[in-house]
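*Asks:* My structure is below; once you've seen it, I'll send some questions.
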Amino acid sequence: MSIKSDKWIRRMAEQQGMIAPFAPELVRSNEGGKIVSYGTSSYGYDVRCANEFKIFTNINSTIVDPKDFDARNFVDFVGDVCIIPPNSFALARTVEFFRIPRNVLTVCLGKSTYARCGIIVNVTPLEPEWEGHVTLEFSNTTPLPAKIYANEGVAQMLFFESDEECETSYKDRGGKYFGQTGVTLPKI
């Protein structure tokens with residue numbers, strides 16, 4: 001299994017629709033101002049988060065249970081800047097829609113700009129033949145409110161191509177998050 005380069009990422013995005021919308025180069029400014037970069041890097045693709053957020057709150061004093069998750073634990077927010085409360089988290093989704101090839105596994109890592117501020121991005125791997133918008137989780141590990149900027153870079157996707165195709169892909173087994181288009185809450 002090997003990590004894939006910028007040339008491969010461009011080819012797969014442009015010819016196979018692996019990433020849409022797609023930025024073939026790293027974008028570092030927008031309308032004259034500096035932004036957290038997004039787009040194609042040497043061995044990865046920096047994704048943006050959309051302006052749709054679900055901010056965790058405990059106003060209902062419920063227990064967080066992944067088998068029986070209460071959607072009331074979140075407050076929906078739409079905007080260019082999301083403020084995450086101290087020691088809390090928010091969910092968002094990528095601007096980009098992904099179509100992962102059958103012989104590729106994609107791993108997501110946080111960007112250092114956010115990590116150096118105590119904001120951690122968590123995403124599970126994008127499995128072979130998974131497709132959809134990626135649900136992102138941002139943890140604010142600080143005792144202060146923290147900002148996340150919509151339509152700017154938030155995480156980097158690394159693509160690993162296997163020497164052979166998997167026997168059963170995410171699509172083959174009917175994965176529960178296949179084709180998700182918005183911020184998706186836990187499912188069992």
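Cβ coordinates come from backbone N, Cα and C, glycine included.
Per Swiss-Prot, dCTP binding site is recorded for Lys111, Ser112, Thr113, Tyr114, Ala115, Arg116, Thr135, Leu136, Glu137, Gln156, Tyr170, Gln180. The annotation active site, proton donor/acceptor is assigned in Swiss-Prot to Glu137 on the grounds of sequence analysis.
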*Asks:* Taking the Cβ of Ala115 (dCTP binding site) as centre, how many other Cβ atoms lie within 10 Å?
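*Replies:* Its Cβ shell of radius 10 Å holds 13 other Cβ atoms.
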*Asks:* Run through the Cβ atoms and count how many others sit within 10 Å of the one on Thr135 (dCTP binding site).
*Replies:* 19
*Asks:* In sequence order, which residues at least six apart in the same chain have a CB under 8 Å from the CB of Thr113 (dCTP binding site)?
*Replies:* Val36, Gly153
*Asks:* For Tyr170 (dCTP binding site), what is the tally of other C-beta atoms lying within 10 angstroms of its C-beta?
*Replies:* 20
*Asks:* Per the record, dCTP is bound by Lys111, Ser112, Thr113, Tyr114, Ala115, Arg116, Thr135, Leu136, Glu137, Gln156, Tyr170, Gln180: how many Å separate the farthest pair of Cα atoms?
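*Replies:* The two farthest binding residues have Cα atoms 34 Å apart.
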*Asks:* Which of the three DSSP states, helix, strand or coil, fits Glu137 (dCTP binding site)?
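*Replies:* The residue in question, Glu137 (dCTP binding site), is strand (DSSP, three-state).
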*Asks:* Within the chain of Lys111 (dCTP binding site), which residues six or more apart in sequence place their C-beta under 8 angstroms from its C-beta?
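*Replies:* Looking at Cβ-Cβ distances below 8 Å from Lys111 (dCTP binding site), excluding near sequence neighbours, one finds Val36, Asp46, Val121, Gly153, Val154, Ala155, Gln156.
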*Asks:* Which chain-mates of Glu137 (dCTP binding site) that are at least 6 residues away have a CB under 8 A from its CB, listed by sequence?
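*Replies:* In sequence order, the residues whose Cβ lies under 8 Å from that of Glu137 (dCTP binding site) (at least 6 apart) are Phe89, Ala90, Leu91, Val121, Asn122, Val123.
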